[in-house]
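Asks: So that we are looking at the same thing, I have put the structure below in structure tokens.
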Amino acid sequence: MAWLYLCLVGLVPCLSLASPVFTANTKKINVDLVSFLGELRNFIHTFIQDQVRSLISSRVKDGLHELRSKLAAKNNVSLNEQSSVGLSPGRNFDQLKQENQTTNESQSESEGIPSIPLINSQSSISEGLYQSDIILTDDQIDQMLENMEDGSNSTRQKRQAVNRYIANLWTDGLVYSFASSASISVNLLAQQIQHISDSLMKKAFLLGVDFWESNTCIDFRESNTARDRVELFSGDGCYSFISKVGRKQELSLGHGCETYGVATHELGHALGYFHTQSRHDRDKHIKLNTDNIDPELIDQFDKQSKYTNDNLAEPYDYGGIMHYGASSGSIQEGKFTMVPLKRQYIVTIGTPIPAFYDKKMMNILYDCMELCTKSDHKKCKNGGYAHPRNCAECVCPDGYGGKNCTTRPDGCGNEIQATSEWKLHKISIRKDLSGVSTDDIYMLMPEECIYWFRSPKGTKVQARSYTISTPSSDSAFAYGCMLGFVEFKSRADPAVTGPRICNDAYDPIRTFKSTKNLMIVRSVTTLSYLTAYIEVRYGMLSFSFLQQRTKVSDQA
């Protein structure tokens, strides 16, 4: 037993706990196996929690309590209210996943993944996390409290000092390492101890690394000796520090966090991003419903001032990966806590997929745009820009492709001529999951199909949702369209995310109208499949809706 403990804390080498050597040795242990496993499981849980709690100082804990008290008073929310954080009573993460498993003919079982705040609501250190997934330093919490005292409109020169922790970027690239202590799982059904490697966590993390590295000029490298580095480990939830803090800083992808979207989000924090709903201009884009906010989670809605938050002159994007969902921080599951002023975005916010502006703003933040000339950027149309790693290529907004972002991207989808009467189109994506394990499903990248619906000059394209099907209809996955969506890109800014639909129960039939004679419809699945029916037609600037439906088109 002592050897196992030393192994777990990394003081002695660990053999594979499922090896013949270990199996033979266990026969010499004169203890009841089930009791032994239970004792080991409790030890591991306590050990991990002690490690995690040590990351958060007493100053930060006290500061967060003070911050929440002030925010509650400011928003007329009582901290004494009885709260029901995240999941319904009695439902933990594993139960939620089990309830939403689905089998589809030749498909493997697919499970939905709840949002980061929902996962972390079950964490033993949730009260020590700012906005549910951020670890603050003592200086950062002091600066936030000082900012509240000064007021969001303060023009005091010293307020600009708050930018120190925002602007502390990884100028020489982000360095990372993997914690030496592996996570342990106990399998009582198999009546044995299994040493479960952190391969899923590492896979997810490296997918996030690949996203940020391939889409920016930021380099990533692994080092176990660098003083300033991000150390990945499997803690109790999903969380990270903000930007570079000047020492080894932890990033956790614990149970339920081992996905591409979560890893990309947490790395976004490590690179310097706050949450989108924290932007100083957020009140121009979302409205808070304070009656539904859990008082213990009120800091999820803490707003930065224009002196502590630089939006780099880029627009507020409801589809950014750093935005929380509409029911995040709710005192009752499913109740809206923030509602987009453009109501058609109600299920768009909280997405697990990065958006175009996530990439662009990071490139601006790290001065990547300066690596290409103005003429390089100018050749990229529809809001695109030159790729900092190859200025001859363009980084195009979602739904656009080609050399200069002027054509439909290669791959799944089609370009279709809209008709003057409503025509029903079927959109379907189905991943080939043969040979893919349930855990590895979360490592698969999202798949998409892009459709361009064109109409004659002088007309506009209209599209309306008819029905959509994804692997689950649970509300935990509806907000943020966690399992997939159909997006209608019809706004004047071609680079901004369009409204999305993803669930019949939470998406009433809606109609979208383009600003020109092109409507881009983007369908995405994050797990196994998505099937949707949409109706499309064109007309003049003003025309009434026809209610007739036509037979399904095989073009889409």
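Going from the start of the chain as shown, residues are counted 1 onward.
From the backbone N, Cα and C atoms, a Cβ is placed for every residue, glycine too.
Per TrEMBL, the feature active site maps to GLU266. Positions annotated as Zn(2+) binding site by TrEMBL: HIS265, HIS269, HIS275. The domain 'Peptidase M12A' annotation in TrEMBL covers 160-369. Residues or ranges marked as signal peptide by TrEMBL: 1-18.
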Asks: Across the whole of the domain 'Peptidase M12A' (160-369), what does the mean pLDDT come to? Round it, please.
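Replies: Across the domain 'Peptidase M12A' (160-369), the average pLDDT comes out at 87.
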Asks: Look at each of the binding-site residues, HIS265, HIS269, and point out the one with the fewest other Cβ atoms around it within 10 Å.
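Replies: Counting other Cβ atoms within 10 Å of each of the binding-site residues HIS265, HIS269 gives the minimum at HIS269.
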Asks: Measuring Cα to Cα, tell me the gap between HIS275 (Zn(2+) binding site) and GLU266 (active site) in whole angstrom.
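Replies: Each residue's Cα considered, HIS275 (Zn(2+) binding site) and GLU266 (active site) end up 10 Å apart.
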Asks: Name them in sequence order: residues not among HIS265, HIS269, HIS275 whose Cβ is within 8 Å of the mean position of the Cβ atoms defining the Zn(2+) site.
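Replies: Result: ILE116, ASP133, ILE134, SER240, GLU266, GLY268, TYR273, PHE274, ILE321, MET322.
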Asks: List every residue in the same chain as GLU266 (active site), at least 6 positions away in sequence, whose Cβ is under 8 Å from its Cβ.
Replies: ASP133, GLY208, CYS238, TYR239, SER240, LEU251, SER252, LEU253, CYS257
Asks: So how many other Cβ atoms are close to HIS275 (Zn(2+) binding site), meaning within 10 Å of its Cβ?
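Replies: Its Cβ shell of radius 10 Å holds 25 other Cβ atoms.
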Asks: Need the DSSP three-state call for HIS275 (Zn(2+) binding site) to compare against my parser.
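Replies: Note: HIS275 (Zn(2+) binding site) is coil by DSSP, not helix or strand.
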